[in-house]
Structure formats: structure tokens, C-alpha cells
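**Q** Sharing the features that TrEMBL gives for it:
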| type | residues | note |
| --- | --- | --- |
| DOMAIN | 2-114 | domain 'PLAT' |
| BINDING | 17, 75 | Ca(2+) binding site |
| SITE | 99 | site 'Essential for stabilizing binding to COTL1' |
| DOMAIN | 114-662 | domain 'Lipoxygenase' |
| BINDING | 360, 365, 540, 662 | Fe cation binding site |
């Protein structure tokens with residue numbers, strides 16, 4: 001009994017408020033009080049209520065709210081509720097950050113994280129069970145293509161739970177920017193149908209006005225071997241390069257190339273021989289675009305790490321050897337310039353395919369979706385790991401549905417202009433799924449396996465390893481607040497269900513590829529959670545942010561090739577132009593690269609989410625320390641990049657987004 005002061009915070013967006021009345025309840029350990037329809041959250045900001053409660057509630061456990069329908073029905077976005085009164089021992093914080101929809105009763109628990117075993121009096125057991133039962137009804141696993149890791153159920157963004165949809169600022173920016181680039185494409189693309197590319201300089205017509213300094217450098221220097229090699233270290237797709245442990249079995253050297261054989265073996269013994277093998281593309285059925293056959297290759301590139309840290313290509317084999325056929329042609333830097341250039345263009349086109357499908361879509365977008373759906377299905381909002389992870393799922397489900405419906409769908413962008421469209425892209429994704437090992441998602445293991453830990457010129461490797469360590473320390477400090485021993489981890493049934501949901505269900509038996517089925521220690525839990533956060537943030541950023549820089553100049557990353565790989569070294573500029581995309585194809589590639597690769601105005605940097613899911617000073621102190629360590633890394637990268645000819649920005653914490661949103 002007594003007077004309670006209640007503050008309710010409405011979201012900051014224009015449409016967060018509602019004209020409907022909201023009914024409130026306070027639930028304590030000794031009873032429940034219906035406060036009636038006291039609240040009409042019309043606008044953003046805080047609403048304060050002072051209410052006399054005739055019931056003795058005791059310790060306050062929950063705030064319940066229900067928005068009633070009116071003549072005009074609009075959803076309300078609630079950020080949080082605080083309550084102060086008898087038995088609260090100060091102000092009690094109830095995080096929400098959810099849409100409240102009509103005739104839906106929403107229960108908010110106080111912001112202190114609580115494992116199920118910590119609830120010795122079972123005060124929250126019924127609440128946890130009901131929350132998970134309700135969540136599993138709306139967060140259901142779907143199926144997109146056979147053999148691929150699972151997505152959220154739903155065919156359009158309208159099928160998603162309201163909390164996973166874009167807020168209006170993101171929705172407005174996405175829609176307006178898309179309309180703008182489509183309008184530009186409609187105007188300029190019409191002329192491209194009747195224009196022909198006569199020489200490589202003609203691709204300047206599609207070079208974007210909003211170009212970056214690095215994009216200009218690529219346009220001017222793309223023919224250089226040094227820039228070709230650099231991209232394997234620090235380009236749009238740094239995930240393919242690995243140090244050679246032996247000469248690849250597919251590499252067949254003719255007898256007259258004994259000197260090259262000796263050179264390769266010398267570099268191999270010195271530990272300076274590297275390779276990029278695109279065998280995943282071998283046998284992929286190429287697209288047919290406007291009744292014209294397109295072509296796909298599966299190159300092998302052998303490269304030498306120079307003393308100055310640069311990576312020089314030594315040879316290119318465009319296709320694996322075939323039984324009963326002559327050994328495939330090998331292209332060398334000493335070949336006629338146009339033949340060598342065409343071989344490098346084939347490699348860049350193949351890299352475009354694997355970058356967009358394997359590294360970016362599968363390992364970034366789809367993997368983040370598995371983690372987010374499994375978390376929503378398995379961990380209640382009271383759970384500390386839920387509170388730790390939830391900021392890293394913002395907008396991921398909607399952007400992935402948009403990608404499935406517009407980029408890799410039937411008659412989507414891949415079908416229209418990409419050589420692996422019309423089914424080849426699905427084949428690649430299915431093959432790449434078999435490569436989704438747990439070690440490959442953990443940079444310390446991945447970089448060790450690929451022999452890149454000691455390559456100082458791999459700025460991606462340096463920054464990825466450092467960012468992983470910062471995230472890992474953040475996770476460890478947070479986990480230590482709630483798990484005092486390995487036994488606490490093993491005995492947390494919700495945590496074990498969550499781990500199994502990711503590995504066995506979402507990843508279709510990922511335990512066969514090293515993902516854990518259970519978590520037995522704090523160290524194992526910390527590594528798994530670090531992997532989740534790194535994947536949803538830094539790993540996606542490293543494969544997303546470079547698109548405009550490296551693909552603005554179309555010959556450096558052509559989406560398709562219109563002629564088969566060369567079988568002769570008698571190559572002219574016309575042969576190259578005839579193999580590259582048409583001007584209209586180039587324009588469409590550039591349009592969507594510019595749209596998806598632009599810096600996002602509605603962006604939350606890693607670790608700087610405004611939502612507070614934890615209450616209490618200790619978790620806030622851990623987050624603050626995380627932010628401080630990120631700021632130090634950010635400044636040091638800024639200083640480093642100032643002295644570099646080619647700055648590497650993609651893992652700078654201030655540009656790494658806190659979730660997969662584009």
C-alpha cells in the first residue's frame with residue numbers, strides 16, 4: 001500500500017507514440033495491482049504518473065501493460081518503465097524497447113539479469129515459460145533453399161514480428177535511397193541499351209559521382225599486379241587467401257616450366273608462397289542473360305609475399321585440369337600484357353561471386369540471422385546472454401528478407417546481371433555451407449589455419465584479431481558477473497537449449513563442422529558468444545564496407561563474363577571488352593553496389609547502442625570499458641592509416657555497425 005511514481009518512456013521516432021489508452025499493472029511478490037487505463041503515450045519523451053495503490057505488493061517483480069483499441073489504432077513503442085514506491089528500495093528499471101500492439105499484454109521484468117537457477121523462489125518461472133511460449137509462436141524457423149542454413153519464417157517483411165521491422169527513419173532512408181538510384185538507372189540505363197563499350201575507358205560512364213578516394217585509385221591503378229595482390233590481403237573479400245602448405249594438386253606445370261616449378265618450391269620452403277583457390281566455382285552452371293550465355297571460371301592464383309609485405313601474383317590457372325583433356329593454360333606476369341590482364345579480370349570476376357555469396361551473404365547475413373532467430377526462440381529477456389546479444393540483431397531479419405526477395409530471388413539482381421544467377425548462386429551457397437566450420441568464424445583460429453597471423457601487411461588480419469580480443473574481453477567481463485563457475489554454465493538449461501538451437505537446428509547439424517552442441521565452461525561460453533557478436537558486427541563489416549571502393553570500377557570486379565575463359569594468349573583489348581559486362585549490365589551492377597555499399601546515415605557503431613537492457617552499475621561499467629577500448633583502437637587505426645598509401649578502414653570500430661542492417 002502507498003504511493004507509486006511511474007515513469008514511462010516512449011521511443012524517439014515520429015511514429016512511436018499512440019493515441020490509444022494503455023492499461024498498467026504492478027506485480028509484486030505478494031500481489032498485483034491494476035492501475036487502469038492511466039496512460040495515453042501520444043509523443044516521444046517521458047510520461048510520469050503518481051498513483052495510490054491500496055494493495056501491499058512487497059518486492060516489485062513485473063510491470064504489465066496492455067494497449068487497448070480505439071477508433072484509430074496505432075502501435076506504441078515503449079523504451080522503458082521506472083517505478084518508485086513502497087518496497088522498491090529506490091527507482092526500479094524495467095527495460096522494454098518493444099512495440100506494444102493492440103490487446104496484447106506485455107510483461108516487463110526488472111532489468112537485473114537472472115538465470116533460471118538464480119530464481120530460487122521460482123518468482124519468474126511462469127513469466128519465463130510464457131514469454132518463450134509466445135516467442136516461439138512468432139519466431140519460427142523457415143526454409144529458403146534446401147541444404148542452406150535456416151532463415152526466419154516469412155515471405156515478406158510484413159510477415160516478421162513487429163520488433164524486427166525497420167523503424168521509420170531506417171525505412172524512409174532505405175526506400176528513398178533505393179528510389180533515387182532506380183530513377184538514376186532508369187534515365188542513364190535506357191541510353192546504355194543502345195551504347196556499346198568500345199574500349200576499357202568507356203566504363204568511366206558508369207563510374208559513380210559519389211566515388212571514394214580509394215575507388216579512384218582502383219580505377220587508375222587496377223592493371224597493376226601490386227593492387228591485384230593487395231586485394232587478397234585487404235580488399236572487399238579477405239577471406240580466401242591462405243599460405244600454401246604444398247603445391248596444389250590441381251596445378252599441372254608443363255615440362256618447359258621447370259624454372260617456375262623451382263621458383264614455386266623455393267617460395268614454398270621459405271613460407272612465402274600463398275594461394276587463392278576458387279575451386280568452389282568449378283562446375284557451377286552459368287547464367288543466361290537476355291538469351292545470351294554467360295560464363296564462370298574456377299581460377300587458382302599463386303602469389304609470392306615480397307620482403308616489403310606486398311603480394312605479387314606468380315601464375316593464374318583459370319580452370320582445374322580435366323581428365324582426358326590437355327592441361328589448362330597457365331598465365332604468367334611475363335605473358336603479353338592483354339593476356340595477363342584478361343586472366344586477372346577473370347580472377348576478379350570469380351572473386352566477386354564468392355565474395356557476394358559465400359563471404360558476405362552466407363557468412364555475414366545468413367549466419368547472423370541464425371544466431372538472432374535462435375536467441376529469440378531460446379533465451380528469455382531476463383537472461384544475461386539475451387541482454388548481451390539483443391543489440392546486435394537490430395534490423396537483420398528484415399534486411400535478409402529483402403535480400404532474398406530482391407537480390408537472390410527468381411528475377412532478382414543476380415538473375416538479371418550476375419554470371420552465377422538463375423540457380424548457380426544457390427549451388428554456390430549450398431557448397432559453401434559445407435565450409436561453415438566453427439574455426440573459420442573465430443579469427444584466431446581462422447587466421448592461424450590460413451597462415452596469416454604473422455603477415456604484417458594483412459591489415460584485415462591485424463584488425464580482426466585485435467577487435468576479436470576487445471570483444472572477447474567485453475564478453476568475459478560480462479559473463480563473470482553472472483557465471484561464477486563452470487558449473488553455473490553447465491547447469492543453465494536455457495543456455496544449453498540456445499546453443500543446441502543454433503548448432504543443431506539453425507546450422508543443420510553444425511556439430512559436424514565443429515560448432516558446440518553444449519557449453520561446458522565459462523571459457524567455452526565466452527568464445528561462443530564472442531563468435532556471435534563478431535559475426536554480427538566486425539565480420540560482416542569487413543565484407544560489406546569495401547564494395548563501393550573495389551567494385552565502382554567495373555573491370556576490377558565484373559559481375560559477369562560474356563565470353564569463355566581464353567584458351568590462347570593472343571588477346572586484344574577488344575577481346576577483353578567483349579568478355580566484360582555490357583554497359584547496361586555494368587550500370588545495374590554499379591547502381592546496386594552504390595546503393596548497398598554506401599555509408600548508412602541511420603547507423604549505430606559497435607558497442608554504442610542506446611538501449612539499456614541491463615540495470616545496475618556493474619554491467620554499465622563493463623560496457624563503458626568496452627567503448628573505451630574501441631575508442632583507443634579507432635584512434636590508433638586513424639594514426640596508422642595516415643601513414644599508409646592505401647588506408648584500411650573496414651574494421652575501424654567507429655565504422656563497424658552494431659548489427660547487420662544493410
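Glycine is no exception: its Cβ is also placed from the backbone N, Cα and C atoms.
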**Q** Cβ within 8 Å of the Fe cation site centroid (360, 365, 540, 662 excluded): which residues?
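**A** Checked against the 8 Å cutoff, the neighbours are 361, 364, 368, 399, 543, 544, 660.
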**Q** Out of the binding-site residues listed (75, 360, 365, 540, 662), which are within 10 Å of residue 99 (site 'Essential for stabilizing binding to COTL1'), Cα to Cα?
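**A** For residue 99 (site 'Essential for stabilizing binding to COTL1'), the binding-site residues whose Cα atoms are within 10 Å come to 75.
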**Q** Please report the distance from the Cα of residue 662 (Fe cation binding site) to the Cα of residue 75 (Ca(2+) binding site), rounded to the nearest angstrom.
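**A** Rounded to the nearest whole number, the Cα-Cα distance is 25 Å.
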**Q** Neighbour count, 10 Å Cβ-Cβ cut-off, for residue 360 (Fe cation binding site): what number do you get?
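**A** I get 24 for this one.
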**Q** Going by DSSP, how much of the domain 'PLAT' (2-114) is helix, how much is strand and how much is coil, in residues?
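**A** Split into helix, strand and coil, the domain 'PLAT' (2-114) gives 0 helix, 66 strand, 47 coil.
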**Q** Here the binding-site residues are 365, 540; which one has the lowest number of other Cβ atoms no more than 10 Å from its Cβ?
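**A** Among the binding-site residues 365, 540, the sparsest Cβ neighbourhood within 10 Å belongs to 365.
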**Q** On the 0 to 100 scale, where does the mean pLDDT of the domain 'PLAT' (2-114) fall?
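**A** Mean per-residue confidence for the domain 'PLAT' (2-114): 90 out of 100.
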**Q** Where residue 540 (Fe cation binding site) and residue 17 (Ca(2+) binding site) are concerned, what is their Cα separation in Å, rounded?
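**A** Residue 17 (Ca(2+) binding site) has its Cα 33 Å from the Cα of residue 540 (Fe cation binding site).
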**Q** Within the chain of residue 17 (Ca(2+) binding site), which residues six or more apart in sequence place their C-beta under 8 angstroms from its C-beta?
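**A** The answer is 10, 41, 42, 43, 44, 74, 76.
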**Q** Near the Cβ of residue 662 (Fe cation binding site), how many other Cβ atoms are there if near means within 10 Å?
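**A** There are 23 of them.
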**Q** Least buried of the recorded positions 75, 99, going by other Cβ atoms within 10 Å?
**A** 75
